Every structure is written in structure tokens, then in C-alpha cells.
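Undergrad: For reference, the structure I am asking about is given below.
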């Protein structure tokens, strides 16, 4: 007999099996259709410059969404990622500016900023995780709270305005966003790296399996010798790390941070995860789907930019419709499976 | 089968040559079934015989592949999703479907609240709920929250809900599986009352004595085939069991090998207090099967959970191989070679939406690494071994565990625990809600483990099981040990005396020996 975790197509009904298959491939099919539409409306869509642009833009949300996939798969939620990114960006700029004043400009200034970002990301993630597990407060509430805290902290440090990176430091830091390696922009490389590590963690390690077990039934996980609190905390720490990586490639783009940085990123990240086929209630996570979800969201905005059919101001509305449709389709096949039990 | 022009009341619900296949796999073959008002009709059979599928078709949750259902003599296509309730067909599932935060009255009227304009008539609903509960002779406060009720009371609320909906046909899936002996007695009285009111009752059960007591007719299914529909008066528990398994059930319990009184103590519990446990002391010897009997809620599960680190210990000590231990979570107890198998296989034991392999290896996933990554092949081999060793039957190994029969789920859970290769095994309700054939298999597995030198604690509410398996029996009552029985003392009446509080004492001195 051959057992394969991916051979889930064989459900009780032939029809349900078909639906489930469609669901697995669904996001990818949607992305391909979207690209075809984009190309048909404006051939410039498929130009190398535009594709590179879409990939680079999707890297921020995509990297954060990979972290969110773990949090959501383990049954949690993190609303604080957008504010956290703004806060970390602000702190990085303050630290680097201070470093420029004392030790001048070098690669080390930028590395110091990056180190600061990683430490803050890990710390912020740990706080979210610690409060949800040991504090036994619902993740929604904890991260709603930290979301408000980080947002107001960046406003405070920027004095209500904008924090700008010292221009000489920005010159050193600039390539991290604008340069390419093998014709692929650096942010896309980071995205690819994060996605691959995420996929391996989710599908080839005990940690990923434990996340799914906890998300689908925490009691079963606890009775199966899984350290539930520890695993859940790690998902938030990973999320924080992803936010810090996304911030590191985001800061050189504008070289500034303000209270408007990263607004609604949390919702875009969650949307990418859900469009990708991860179950919002937890128990089943798909990193590949998340990557596709992030690309879909960016591609929509890009297509609206390139054509005049729908106003660019309706970007959010189109994204909203796509999210609702994706969740509706997911819900349909989920219920059918539930009933079959 | 039965039911051609008798003077008895006309058939209310019937299945005519119903067949059902899921995809390629047939599960029911041309089944005929009928029930009359005021009749109790039991459906029995081994796990996987097709009982659950049959009642799903009778209640509209599944549609037959061929054949049809007749209600009041008319062919009907029952609406899906439990909407059959409007036609008077009410199903009470094994996992009761009640919203934990609502009150009893809210639950009884859920979905058809009494209203005045847009507002709820709260007092009237409460009074009406109280009246219905009164006719059932149960004492439940209509304003109590569901979450505060015992399982038995919740079931009574479900029955009250069914009555308030003028159920004409009540379908129950293993109604007594979670009830204690006393609660079962009350439940029987309810069934008699409903029957007298002309309600037709269909129920699935694995307990042959209760089938004999309650049912007017019995339908036996085996491997999706209708074996017989027979009046209960023509049956004995033995003949039913034989029809179910299609073979002689000579020895349900394997022969007990002599307990070795000189074997060393592998686990000693001294004056243990924990949530639901008061001052419990006992000792487990190597190669012994120690039974834990008592009423539901008497603290047996609480003792096990305290030992393996699932609930905090307040005082007392646990000696493992003579050394004091205290586990703060299951990974520590498993590492020490002590495994606990929960009685709640759907809520705490298995991931119903995951496949067999993921469930089997969840407890011991760290053993399936090759380098830094999980090795699918090693996991698959583990599943193949477990399927052979525990005779787990699945249509397809990729199937979701929630779709397995109860017996196969139980065997999978046993396999999952044994993957950890424990020396001390605590099994809570080893055979709850599973058929006789699988029960026998599980008893033989447990006995084989004991003769290999494993030490086993069997917690069970089925007294026959404890009596048939255990070398010694600890009887618990209200969180304390009421008595410990050995040899010839292990008998139903004696256990009951301790469990009910008629007899106690002398226990602790003998235990801590």
C-alpha cells in the first residue's frame, strides 16, 4: 500500500475528490488566469520590468504572509504585523542615524540596523506568543493590543511626522532594494529563500506537523506529547522574524518610516494566506499557496494600474472580492468534507 | 422482512432495497428496514457493518445510491442537513450537538423560539421547558447552562428537545455509550415512556444486554449486508453476537495468566492528590493488568492524567522503578516509558481530519527523521507495521481518520501509543463504542502485552471487562480508592458495593505493600 500525505484527493465521493483537487490547484489557476487577463488588457504587463516590479512588490507581503501561515495553521492570528513593521522600520532608522553620527557611514552601519531589526522582530513575536500562551489571552486580543501599541510608538518617535534615513547611509543601503542578482531583484531572492525555508519547515519537519496538529485539535496535540505552548510561541517568533526581514528590504525603498508605513499589511498578509488555501481556523497550512496568494494580490493592483477599465482607486474593492470568493470556495469544500465524517 | 398486512399500526418509516456506495466502495447492499409507531428497533453489527450509514440515509444526511426511503407509505427524498426534523425524524448523535453557552430552555427551543413580535417570550419558554423536563421526570433547571450539565443530563436535554419538536421517529446512535449504570437505567425509563407515547425509536448499540432489554425487533448488519431482522423474543445475546460476527465467539477474554505476586513494583503512587483525586495510593507490578473500576466521574481518569502530567499534582508522590518522578507534560512521561491512551478518541486522541499516518506518528515524530528532515518512507513503514500488528482496516490509507469506524480508530490509537514502546501502559476505556469482534482483538492485544512483561492499567466502566481482564481491581469512588479486590473477590456484586459506597476500607494498607 502506498501512503502519501499529498494524496488527499481520494475522499469519499468522486465529486468531492474533484472539488478538493481544484481547491489545491485553485490559487495557481487563478494566478495564471489573472496574468492572462493582464496580458490581454495591456501587453506591457508581461514585460521583464513589470514582472520584476510585481515580484519585488509582493516580496514584503509575501515574506510576512509566510510567517502568518504558521501562526494561522497553529490556530492563532497576528494582527500586529503591519504596525510591527512600521515600528521596526522607525527603530532601524533611528539606530542607523545615531550610528552615522558616532561611527560614520559604512556597511557596518546598515548591518547594525539589520541586527536591530531582527532582534526587535524576534522580541515582538515572542511577546505576542508569550501573552497568548502563558497569559492565556486570545491571540486576536493580544495582537490587537500590540498593533495599537506599535502604531502609536512609531507616531511618537516620528513626532507625528516622518523619520528619514541619513542620505549617506541610504546610499550604502540602497542596493538591497534596487539591485539585482542574476537579473532577479534582491528582495525577490529573499522572498524565494523565506518561502523555501518555510515550505521545508511546514512539510518536512516535526514543527510543521505539530502546527497542523495544534490548529486542528489542541487537546489531541497535548495528549500526544506536543509542547503546545512552546510551538505556538515559536510560530509568533517566526512571524516576528519574517516581519523584520520584510522591513529590512522595505526601508531602503523609501528610506523613511512614518505612522502610515505598513498600514493594513496585516490584512493583506492574512488575505494572501487564506487565498492560498490555508484554513483560517487552523489545522492545515500551505506555504506554496501563500506565495501564490501574495502574487495574486500584487498582480491585481498592478493590472488596475496598467489599464483604465477599473479605477485604480477600486484596487481594495477588487482585492476584497477576490478574498471573499476564495474563502467561499474553500468553505464549500470544507463543509462537504465535514459532513462526510 | 416483517411488515406485510399485520394488524399492528402501519409502518411509519421504511427503507426499500437501499444500497449505498462511497465512490467505488459499496457499504450497503440492498437493505430493507422498517419501523412502526411505538416500536423500538435496534440496529446492531460490527464496526464498519454499515449501521451509521443506514441511519444517515434514514435521516436524510446521506442519499442512497439506489433504492428509496418511504415515510408513511409514500416514497420520499429526505432533505439533507438534518432538515428531516420538520418531518418528525429527529437524530440524537453520539456526540451531542448542544451549544455549551446556552441555557437548557434556550437549547430546547433553539431555532423555533416562541416570540411576541420581534421579542422572545423568555418566561413562557422557560415554563414550557420545565414542563417538558417534568414529563420526562428529570430534574434539570431550565435556566442552567448546558456547560454545567453532566453528559447524561445533556442527553436528557436532547431527548426533551426531540419531544418538544413532536418527534415521531427518534434515531439514536449509541445512546448509552457515555452513561453510567444508574444513568442508563433512567434512560431506559425514558425510552419506555416515549414508546408508550407512540414514538418510533431506532437505536444503534454495541451492548447486547441493553438491546435485549429495550428492543422489540433487532436488525443485524454484517459487512453492509442485511443478515436478519428478528423479534427480540426469539434471540439470546449469544445468538445475536454470532449473527454479528458470523462465527462462534468462544472466548471474548483471553485466559488470564497467573499474576506473579513477587514481581517488582514498577509504579507506586502514594497519597496522590490532584484535581478530582484525593489521597490515592496504589502499586503496579511488572506484567500485571490492574483494573480501575468505579462510576463515571469517580476520579479514575483524573488519577491517570495526574500521573502522566496532564493535570497538576497537589500532593503525594509517584515512584517509577523506585525513583520519585513528577511529569509536567506528556513528553516527559512518554520519555520515561509511561503512556496514557485517552478514552476520548475523537476529542483528545486522534486528529479526525488528518490521515492514518500523521496520526500514528504524531506521538513519536522525532523518530522519523532522516538528517534534518522527516522521512516519509519511515513513517509509511511504521503505518504498514501498525496496520498488520493491530489489524487496522481502512479502505485507503490516505482516508481521513474521521471516516474510519470506531473500532479501527481505537486500534489506530492503540498503535499510536505503542509506537512509543512504553513499559507502563494506561488504557482508559479500551473498548468504548466498538463492536464485539474488535473488543475481543483488543483484549487479546492487552493480554499479550502483559505477558511480554508490560505493566498495564485498564480503566473501564464496563465491569465485565475489568473482571475478564484484570489481575487486581482498584475500585474508586468520589476521587478516593474505595477498595482493592484480588482473585475470587473480583466479582460484579463486590465491585458494585465498593463503587456505590456500601463497603470500603482496608484498601490503603494492602495497596502500599
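Glycine too: its Cβ is placed from the backbone N, Cα and C atoms.
Just so you know, TrEMBL annotations are computer predictions that nobody has curated.
Copying in the features that TrEMBL gives for the protein in this structure:
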- A:20-42: transmembrane segment (TRANSMEM)
- A:54-72: transmembrane segment (TRANSMEM)
- A:105-127: transmembrane segment (TRANSMEM)
- A:139-158: transmembrane segment (TRANSMEM)
- A:184-202: transmembrane segment (TRANSMEM)
- A:233-251: transmembrane segment (TRANSMEM)
- A:263-280: transmembrane segment (TRANSMEM)
- A:287-304: transmembrane segment (TRANSMEM)
- A:310-329: transmembrane segment (TRANSMEM)
Undergrad: Relative to the transmembrane segment (A:287-304), which of A:54-72, A:105-127, A:184-202, A:233-251, A:263-280 accounts for the most Cβ pairs at distances under 8 Å?
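TA: If we count Cβ pairs closer than 8 Å to the transmembrane segment (A:287-304), A:54-72 scores highest.
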Undergrad: Can you tell me which recorded stretch out of A:54-72, A:139-158, A:184-202, A:233-251, A:310-329 has the most Cβ pairs within less than 8 Å of the transmembrane segment (A:263-280)?
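TA: Stretch with the highest Cβ contact count: A:54-72.
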Undergrad: Out of A:54-72, A:184-202, A:233-251, A:310-329, what stretch is closest in contact terms to the transmembrane segment (A:105-127), meaning most Cβ pairs under 8 angstroms?
TA: A:233-251
Undergrad: The transmembrane segment (A:233-251) and the transmembrane segment (A:54-72): do they have three or more Cβ pairs under 8 Å, with pairs 6 or more apart in sequence?
TA: yes
Undergrad: Under an 8 Å Cβ to Cβ limit, what residues of the same chain, 6 or more beyond the ends of the transmembrane segment (A:310-329), are close to it?
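TA: Result: 23, 26-27, 30, 268, 271, 274-275, 280, 293, 296-297, 300-301, 304.
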Undergrad: Using a Cβ cut-off under 8 Å, which residues of the same chain at least 6 positions beyond either end of the transmembrane segment (A:184-202) come close to it?
TA: 52, 55-56, 58-60, 62-63, 66-67, 69-70, 73, 175-178, 208, 211, 242, 245, 249, 285-288, 290-291
